[in-house]
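Chemist: One structure, as structure tokens, below. Some questions next.
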Amino acid sequence: MREFLTDFETIFNNAIFYYAVVVMGSYVIFTLLSAIEMNSYMKKNSYVNYREILVSPLAPSVSILAPAYNEEATIIENIRSLLSLHYGNYEVIIINDGSTDHTFQRMFDYYQLEKVDFAVNYQITCNEIKGVYKSKLPSFSKLTIVDKVNGGKSDALNAGINVSGKDLLLCIDVDCIVQEDAILKLAKPYLEEKYQVIATGGVVRIANSCKVEDGKLVEVNMPRNLWPRFQVLEYIRAFLMGRMAWSRLNGLLIISGAMGLFDKNIVIKVGGYDHTTVGEDMELVVRMRRYMYEQDRRFKVVYIPDPLCWTEAPADLQILGRQRNRWTRGTIETLWTHKDLFFNPRYGILGMLSYPYWLFFEWLAPIVEAFGVCVFILLALMGNINWEFSLILLSMVYCFSVMLSTVAIFFEEMSYQQYTKGKDLAKLLLAAFLEPILYHPLTVIWAIQGNVHKFRGKNNWGTMTRKGFKNAEALNSTANTTT
Amino acid sequence: MSIFNTLFNYIGQIYTDRLPYFPTNIRVSLLIILFCVITAIELYLYMMVRRAVRSVRSKRMKYWDDYISVLLANMIVFDETDHPHEVVAHFYPKLKKIPLRSKVVNSILVEKILTYHKNFTGKTAEVLSLMYRKLSLDKKAKRKIKNRNWETKIEGIREANEMDLMEMAHLIVEYTDDENALLRMEAQAAYIKLSQSDPFHFLDRAQERILDWHQVVLFEIITKHKKLTIPSFSKWLYSSNDTVVMLCLKLVDHFMQFDAAQEVIKLLKHQNPKIVRKAVEIIGKLELEDAESFMFEIYFNHSEEIKLEILNALGKIASGNYSEFLSSRIYSADVKIKKEALYAIKIDPDHGEEKLRTIYLQTGQENQALIKHVLDDRIR
């Protein structure tokens, strides 16, 4: 028995070691790729005058689709902010997804809405649209309000797509703070790539503790609360390193639900957002990609490193846990729905690299990690642990994690340097040391919970309560519940 | 203190005496740890030093920025009665004292002159041009254009473009078909402004694609440049480079070049659907009645997008020859086609809306909803 346990420990150590080395190796490769991609982007765009797209009649037209569910506290300000974006040819479509508060009434009164005879072409299935409204005031001519029966975020976006009259769709969360030049930057790849661009995404940043005035970000600060601070680090790592690298490989599987620009024709051809999944943002991109492969059309999904959208990260562990639980379920659902992509050469990099990577390193990683911890505890209880070796292996993972976060902070420093204050940088670097000990174990637990909930058939979004950006008054105001 | 000593001794031992005796995975792990620690420390140091250097540099830059701004501002508002050469002669010694050998100072000065030159015309622009040349910055720009690095080349081309260095046109034309898309675009944009004899010569030799983004930039320059003599773009509509054809179609459209009508009609048979669509759009805008039969001929063989464009063009031409065809399209199975046909009928300023109201009384519920939509000017 003793011998068996010793052998098992050796095999276990080796298995964990090789898995960790492969994961770390992939991170190193991604870091290099994203460095190349970012460098190329920064060089290329240092010569760009975005004003040219702004005033050009040749620029593609854009519909901004923003679903709203019980957003009465901030909806007026959010719409005003969207209407002031810098772009020539665009419209703002707010989809009131059957709000049970006064969201619709507030919009109706403030923007002096009136119903129009809009004949909706239901190209994509969605719940009944009760009415389409336009403002009587000419200054709000770009605004369209769609009032519909509640059906969730995906359903609301599909309704918006059916009403949209432009070439591109900018799907956003209505409570996000969008940078004024966001559309210009997201639209540019549609004009400059050799192949058809079907979707573009930009970096989403954390707005907690930042100063916001009139729906615009005026001062960037590091979140005071520790949990959003860890998320700042996590987002920088994910967006500036992960997604940029995938963009370089043209293997990107996800465009953040908070903000993404899509080719309307392709979105309609693939049937719009899937109502049945909680990971609708990832699922749509995967479906669009596979459609393009099936049509034998060359295409690109592009990610740009500019910080374009600021969102409030959950500061409460319970809410954060719900969000991560949902993300895990969304990943599982997308991977399951498109299981035929697995190592399928017909789908190029999507089938041969992106899908397997997500399966092994995004979905399986927390499971392997949790399994490893359980076995480690079991072996420790049985006295079959070589503590020195285990400590060295753990130290390796810890040091690698700190280094990776440091590289991400370095990327941020070299590119957009949003955190200009020295103390903010110090806080971020300190977070890199604490994150593997304090935050990462929680993300693993939430991912495991997500797996358990998925396999037990739990399929809801979970309540996402936000504090809002406005000010102290708004911080204590009614919680907003997103669709 | 002893704990740290023990720890350092232990770490020292595992990386020296004991290292060869560890199993492979542990040895590799130890090396990875070492690599990570060194990389992280280097990055911390680099970030700290970079911030410190940037802080010092920004202070220095601010000093020179203010100093140069004041000098140039004085030069601009100097006695209006003076001749430009006199103004330059007065300020040259002061500007010459600036340490132009420093790259930072040199780039601040160039940037400032370029910005002022962009924002002023007449005598002020002339004074700035003269001073630019007097300081031999034009020679530096020429060296930049000849540099091997494409980014430096672009800097030089931009300078030449802004400062109207016409003599650089022959150097710049070489890059108008360069493999590097950014360099190509900058060169094309500058060449249009700088070539006095044949600013559109690059279109004759363009083998590389003129990307949509470049088309936006070139379109802006061509349509906004007041001194440019606009040629008939029809001569490039036969180009083998589709992107040249597309750019010229956009320009034909903008300048309403009726002389290109026959060439545009011929493009209805082009194999690139984007070109066909644009040609149809122009036919509509130019109201080319002669093209109606050709468009009708190709209507059924094309994609929905082109069909919609043809319906729109037929509506704009409004000759009445195809009004029955437009009316028949409202019974199509495709809602988009129906809607576009209704819009096409509506375009006729004399009878459009009246005709729609007549159809409204004779048609089904779905079409009635569409007609209501089309008649509502607040929506499209």
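Placed from the backbone N, Cα and C atoms, the Cβ positions cover glycine too.
Here TrEMBL flags A:63-112 as domain 'Glycosyltransferase 2-like'. As annotated by TrEMBL, transmembrane segment applies to A:16-36, A:245-262, A:363-382, A:389-411, A:426-448.
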Chemist: Between the stretches A:16-36, A:245-262, A:389-411, A:426-448, which wins on the count of C-beta pairs under 8 angstroms to the transmembrane segment (A:363-382)?
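Modeler: Checked against A:16-36, A:245-262, A:389-411, A:426-448; highest Cβ contact count belongs to A:426-448.
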Chemist: I'd like to know the mean pLDDT over the domain 'Glycosyltransferase 2-like' (A:63-112).
Modeler: 94
Chemist: If we skip the immediate neighbours and take only residues 6+ beyond the ends of the transmembrane segment (A:16-36), which ones have a Cβ under 8 Å from one of its Cβ atoms?
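Modeler: Cβ under 8 Å, 6 or more out: 240-246, 248-249, 357, 361, 365, 368, 372, 393, 396-397, 400, 404, 407, 411.
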Chemist: Per DSSP, what is the residue tally for the domain 'Glycosyltransferase 2-like' (A:63-112) in helix, strand and coil?
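Modeler: Breakdown, helix to coil: 17 helix, 14 strand, 19 coil.
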